[in-house]
Amino acid sequence: MRILIIGCGSIGSILAETVHEIPEVDRIYITDQKKDLSIHLIERLNKTSFVSLVEIDSIMTEVDLVVEAASQTAAKTYIPQVLRKGTDVMMMSVGAFSDEKFKDECFELAKNNHARIYVPSGAVCGTDGIHAAASGTFDEVRLITTKNPKSLKGAPGIIESGIDLDSLTDSTIVFDGTAKDAVDKFPKNINVAATLSLLGIGFDKTRVTIICDPNTNKNSHVVIAKGDFGEMRCEVNNVPSPMNPATSYLAALSAASSIKRILGNVWIGI
């Protein structure tokens, strides 16, 4: 398999390092706005080479899978372009799918060009249960996320609310609303809400609560779902990525695990 990774930040870097060790991966192309962001990967990983963003279209014939690990903006810019070529994609900035027009465009392009769109479970657990339960009826799907102030700094939702994160001394609810609003106001912090929404009852019905806690050093997610299947509650306490506190290390590992599953012949827990 030949992979193109868009974005050399925390997730992109960890993913490149992990899949580099997979024997079935022959070549890893990486791209970012600036080449110097990829130097640390090119120098250490001999399967890796850099391509500029303007070269993406020209190398599609050499790529089996494109992984977007940059931003919602990057996803909206490059994913349709890749799907038109019939190349499979994996999206990490899945919050971009809260834009109904963009989601419908991508799903239609994938169908018409015989391409696949992969969305890893990311930094949350319980997606398999939500997926299974979606065959029945949901009464409620809720996500409660708790993060340290460092993980939420700069988020549009924080800036808009005027909350001074540095002054917090105890856990404080900084957002409570729909998943659609959550991924709009916290585009780099709450992609898990988008994944749950796609699997379950949609962006407008899925509820999200974001808590900022200066006394925690973990990114925690609690998924609560109720329906005709019964009730489920799943909790995960993630270690933030050392490169980016807004990102959980598990999110990058989830992407790597997904690629291993794609390459494999046996899928457990599908």
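Using N, Cα and C of the backbone, Cβ positions are placed for all residues, glycine too.
Feature annotation from TrEMBL assigns active site to H221. What TrEMBL records for A123, N191 is NAD(+) binding site. The annotation domain 'Aspartate/homoserine dehydrogenase NAD-binding' is assigned in TrEMBL to 7-120. Feature annotation from TrEMBL assigns domain 'Aspartate dehydrogenase' to 169-255.
According to its DSSP assignment, A123 (NAD(+) binding site) is coil.
Sequence-distant neighbours of N191 (NAD(+) binding site) (same chain, 6+ apart, CB under 8 A from its CB) are M92, S93, V94, G95, G122, A123, V183, A251. Across all of the domain 'Aspartate/homoserine dehydrogenase NAD-binding' (7-120), the predicted model scores a mean pLDDT of 95. The residue listed as 'active site' falls within a strand segment according to DSSP. Each residue in the domain 'Aspartate dehydrogenase' (169-255) gets a DSSP state, and the totals come to 23 helix, 33 strand, 31 coil. The Cβ of the residue listed as 'active site' lies under 8 Å from the Cβ of A123, V124, C125, L143, I144, T145, V192, E235, V236, N238, each on the same chain and at least six residues away in sequence.
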